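What TrEMBL annotates here:
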type    : residues                                 : note
DOMAIN  : 27-90                                    : domain 'Mur ligase N-terminal catalytic'
DOMAIN  : 109-297                                  : domain 'Mur ligase central'
BINDING : G111, S112, A113, G114, K115, T116, T117 : ATP binding site
DOMAIN  : 331-443                                  : domain 'Mur ligase C-terminal'
Amino acid sequence: MKRSSAWVAQAVGGQLHGPDRPVTASVETDSRACTPGSVYVARRGDQADGHDYAPAAIAAGAVCLVVERLLDLDVAQVLVTDSTQALGQLARSYLAELRAAGPISVVGITGSAGKTTTKDLLGQLLSSQAPTVYPVASFNNEVGCPLTVLRADEETRYLVLEMGASGRGHLTYLTSLAPLDVAVELMVGQAHLGGFGSVEQLAASKEELVEGLVEDGIAVLNADDPRVAAMAGAAPGRVLRFSRLGQSADLWAEAVALDELGHPSFQLCTSDQRQPVSLQLVGIHQVSNALAAAGAALAVGLDLPTIARELSGAGALSAHRMDVRLDRQWRGQDLLTVIDDAYNANPDSMTSGLITARLIAGSHRLVAVLGEMLELGPESAALHRQVGSRADVDVLIGVGEGSRDLLESSPAAVKHWVSDANEALDVLATTIASGDTVFLKGSYGSGVWRVADDLLAADTMEAQP
């Protein structure tokens, strides 16, 4: 971002104290990420106060601070009431100027599962055509979204935003910062159900993304999910529907097949065209994510042959998402396959992952390390039991208190419960045998990703495309 500290103050409605200095680099909330010319936004969190790290930000090159209290530091400071709100306002003002300066298409993606993968696919697809900004990892909240917006510049043609919600009004706020030209709705599942109270409330929250479209914006909706399909009524303009399951749609998949490692291939179809696609991702559910990315790309003007070609070349970018590794040696055992899908989990994504893992394992023994699924509310126990009853695995290691219900309902021949990732590693070390396939999945807070990191730590693995 190339502006000035005075511009920052005006953009956020704050008071500038100290000299007006040119801002020539990024906006950051992590002092370690600052570089010469950066703006550092000092946020107060539950675990730490960003104001304490302002000296480190300055040492790294920050020339402007956004603060809730003035600090005894010789640097430009913009005093605000709430730094997080100021970060959002900074992004809102900045994006408005970018829109005024030239064409930029803003795409927002939400859904109970698949947001990050779809964002990665679409980001790679659009980047092949024009300057594109899209977030790293899962920058999808009131901090991550503004930071992503602020990475754009006057050359940016496409801005792809992953937008998450854990309560009503969250998406309304995010789309107020970045009004959308294209809104992509993937699915209404059971993720974060505890923050909404019911699936109906969750669906209403997800619909806020469609309501955040600009006047002539396009809604890209999953026709396979009735709750998403019903959001068409909230769209101010055109609706583009996609389907993997044969529903009436503008964009759909035919001849879907999986290879022996779970990579899907299909025909990408519209009313007058069809193009072959072979994904490098793993799992049949990735076809829906690819269709969503294709729909968004069509909405911003790309043609179907280009979309199909770029989808076939796109790979997984974010860690712990259906990452399949072969020939892994770990603690003296030879594993046929490690399937790392441990970044996060909800009932829908865990069920999809287990189905794919079973397919990949084939006749080999399947060992599943499943962490508890958090934020499911009063239905948590029932949802864990539902997933467990459908888990076609040979060995199940449950991690965390909530996983007890998974174990209770599971038909697995061998079952172990552990309290944390360290215990899971100990049990895994005494349980696995050469030739096993190990599948790892759980909410981030369950720590199963730590087990995955341990399994995948060596450099001797061969990563599969």
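Any Cβ shown, glycine's included, is placed from N, Cα and C.
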Just give the helix, strand and coil counts over the domain 'Mur ligase C-terminal' (331-443), going by DSSP.
46 helix, 30 strand, 37 coil
Let me know how many other Cβ atoms fall within 10 Å of the Cβ of G114 (ATP binding site).
27
In the structure shown, which of the binding-site residues G111, A113, K115, T117 has the fewest other Cβ atoms within 10 Å?
K115
